[in-house]
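Trainee: Straight out of Swiss-Prot:
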SIGNAL    1-19  signal peptide
DOMAIN    30-261  domain 'Laminin N-terminal'
CARBOHYD  ASN56  N-linked glycosylation site
CARBOHYD  ASN163  N-linked glycosylation site
DISULFID  CYS262-CYS271  disulfide bond
DOMAIN    262-331  domain 'Laminin EGF-like 1'
DISULFID  CYS264-CYS293  disulfide bond
DISULFID  CYS295-CYS304  disulfide bond
DISULFID  CYS307-CYS329  disulfide bond
DISULFID  CYS332-CYS341  disulfide bond
DOMAIN    332-394  domain 'Laminin EGF-like 2'
DISULFID  CYS334-CYS359  disulfide bond
CARBOHYD  ASN353  N-linked glycosylation site
DISULFID  CYS362-CYS371  disulfide bond
DISULFID  CYS374-CYS392  disulfide bond
DISULFID  CYS395-CYS413  disulfide bond
DOMAIN    395-448  domain 'Laminin EGF-like 3'
DISULFID  CYS397-CYS420  disulfide bond
DISULFID  CYS434-CYS446  disulfide bond
CARBOHYD  ASN483  N-linked glycosylation site
DISULFID  CYS506-CYS576  disulfide bond
DOMAIN    506-627  domain 'NTR'
Amino acid sequence: MGSCARLLLLWGCSAVAAGLNGVAGANSRCEKACNPRMGNLALGRKLRADTMCGQNATELFCFYSENADLTCRQPKCDKCNAAHSHLAHPPSAMADSSFRFPRTWWQSAEDVHREKIQLDLEAEFYFTHLIMVFKSPRPAAMVLDRSQDFGKTWKPYKYFATNCSATFGLEDDVVKKGAICTSRYSNPFPCTGGEVIFRALSPPYDIENPYSAKVQEQLKITNLRVRLLKRQSCPCQINDLNAKPHHFMHYAVYDFIVKGSCFCNGHADQCLPVEGFRPIKAPGAFHVVHGRCMCKHNTAGSHCQHCAPLYNDRPWEAADGRTGAPNECRTCKCNGHADTCHFDVNVWEASGNRSGGVCNNCQHNTEGQHCQRCKPGFYRDLRRPFSAPDACKACSCHPVGSAILPFSSVTFCDPSNGDCPCKPGVAGPHCDRCMVGYWGFGDYGCRPCDCAGSCDPLTGDCISSNADVDWYHEVPAFHSMHNKSEPSWEWEDEQGFSALRHSGKCECKEQVLGNPKAFCGMKYSYVLKIKILSAHDKGSHAEVNVKIKKVLKSTKLKILRGKRTLYPESWTNRGCTCPILNPGLEYLVAGHEDVRTGKLIVNMKSFVQHWKPALGRRVMHILKRDCV
């Protein structure tokens, strides 16, 4: 088998050994685990050697070759001079095409005992195997080293010697499989054309997955060097009485083939030049293997070693070369309000290893792990999709009529609808006017009219019921005074905002607790102990937010303790809101359900009294004894 045929076979075998043949190649769409094409890493890069033949002056050198029957031919001699290209044998000759330029070689200076050949790479690469073809007899001893930190530290790949034990004190892999030293490639025959072959993933390495941590540790390199430690003579020289020994005292190498590929963790099938790298132009130096991956599977980095900025919802993983699983990075759910996210292991574990992405620097006035809610001082505009940049609108609470939250100097609105918390006697979604029966819009809200009827909302002067009067005092327009530096708060916190109080002209004839049979005869749907949190004038009706502290009775309704909304009889029906429910106070309320809407109604048929423990015990006694 010829030299070229041997090289082709070795390249194919090494690709199989590296476990890469089952992975999608450069012509695939990289839908599964994939890898860039393999090639000679020495092509287009500078090979360094300590010396070169004729580097100081013209030198005469000789070499032997054998016939097919291993009989010696007469030596051939020639001259070398590094200053003349047709007589030079530089290190770059080892990295030209072994097929197009098979008879070019590097040669050391005469009578050199130790020599070094080194390849420096501009990035991390996957190295699979080395093939060296010598023009001189192969060394009696040499070492192949690698570096993974750009030459700061080195680690041996393999020792080569005619006698491993005598030279290095190591066992021979000819005797012990997997030993780090071998005598397979140290025979002086053939005197020219002898090969040294090293496979980075020879047994005992498990090569099922070429992207596993163990395999990466074995294959990743930034530098590769060969230390030639001991020359040996061609046996033909012993029988040649006319030979001059010093003419044969050199190392010479035809080819230095470093087979490998761009290192992409199984997430790319093509690579680009590393920034700043310029390949060396040399005869036959085609198809340079570059080192910067064109990442797929939502990965990023020179080696696809981390997830792309908005794809950190699961931990980054290398692709699985055994199963072909791409292990894609997954997009974070940021609702269109963030450009980047990060992976949080605590969030990941709390979700049962389903989602760990946390959005960074939420935009468009949003906040939260997924930018899923509006910031304090903004509310959700339900007319816009939440992914829209203008989905969160600034609160427009009037700075005078709106209530200030405890421990804060800023007024916030309900983030779900933009409603503002009003001061006592103030009404409107933006708290910008006095309620009916109130006057004097100011820093303390609005004051009740001190009249039998209504009053002027500006002056408080009593007016007759027949007067043509504007019941609402509109306040001039204003601009939001939201301060973004204020601390955030939760709307659900218990607050005592303004109540919807009746005016002086309104009479609320509320139910009293008298005859138990009359109380039971009302057939109330619910009986509750509540605390008034806030009340809101909606124009056509009112809503009272309460905290249910105890459920004394609940028929068909499923009422739980917690926050709920009550719906008093509309002021448009009576000119005021009845019964009276003031914020911060506790009441015992018995009422009915609106069968059409399921709302809890409070009207003139309802029983509403300030809560007292004795009242609660009495009502419970009636419910258990009489209302059965």
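Along the chain as shown, residues are numbered 1 onward.
Every residue gets a Cβ built from N, Cα and C, even glycine.
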Trainee: In the three-state scheme derived from DSSP, which category covers CYS446 (disulfide bond)?
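Mentor: Its secondary structure by DSSP: strand.
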Trainee: Just the number: how many Å between the Cα atoms of CYS307 (disulfide bond) and CYS293 (disulfide bond)?
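Mentor: Rounded to the nearest whole number, the Cα-Cα distance is 13 Å.
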Trainee: From the DSSP assignment alone, can you count helix, strand and coil residues within the domain 'Laminin EGF-like 1' (262-331)?
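Mentor: Breakdown, helix to coil: 0 helix, 10 strand, 60 coil.
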Trainee: Round to a whole number and give the Cα-to-Cα distance in Å for the pair CYS334 (disulfide bond) and CYS262 (disulfide bond).
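Mentor: The separation of the Cα atoms works out to 33 Å.
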Trainee: Just give the helix, strand and coil counts over the domain 'Laminin EGF-like 2' (332-394), going by DSSP.
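Mentor: Reading the DSSP string over the domain 'Laminin EGF-like 2' (332-394) gives 6 helix, 18 strand, 39 coil.
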Trainee: So how many other Cβ atoms are close to CYS307 (disulfide bond), meaning within 10 Å of its Cβ?
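Mentor: So the Cβ neighbour count for CYS307 (disulfide bond) comes to 28.
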Trainee: Using the alpha carbons only, what distance in Å do you get between CYS434 (disulfide bond) and CYS264 (disulfide bond) once rounded?
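Mentor: Cα-Cα distance, CYS434 (disulfide bond) to CYS264 (disulfide bond): 69 Å.
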Trainee: For the C-alpha pair, I'd like the distance in angstrom between CYS413 (disulfide bond) and CYS374 (disulfide bond), rounded off.
Mentor: 11
Trainee: Find the shortest Cα-Cα separation between CYS395 (disulfide bond) and the disulfide-bonded residues CYS264, CYS293, CYS332, CYS341, CYS371, and name the residue that gives it.
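Mentor: Going through CYS264, CYS293, CYS332, CYS341, CYS371 one by one, the closest to CYS395 (disulfide bond) is CYS371.
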Trainee: Would you mind sorting out which of CYS293, CYS295, CYS304, CYS329, CYS374, CYS392 (the disulfide-bonded residues) have a C-alpha within 10 A of the one on CYS262 (disulfide bond)?
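Mentor: Correct set: CYS293.
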Trainee: Helix, strand or coil: which one is ASN163 (N-linked glycosylation site) in, per DSSP?
Mentor: coil
Trainee: Other than its own, how many Cβ atoms are within 10 Å of the Cβ belonging to CYS295 (disulfide bond)?
Mentor: 24
Trainee: Express the distance between the Cα positions of ASN163 (N-linked glycosylation site) and ASN56 (N-linked glycosylation site) as a whole number of Å.
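Mentor: Between the alpha carbons of ASN163 (N-linked glycosylation site) and ASN56 (N-linked glycosylation site) there are 35 Å.
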Trainee: Using DSSP, what's the helix, strand and coil tally for the domain 'NTR' (506-627)?
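Mentor: Per DSSP, the residues of the domain 'NTR' (506-627) fall into 23 helix, 49 strand, 50 coil.
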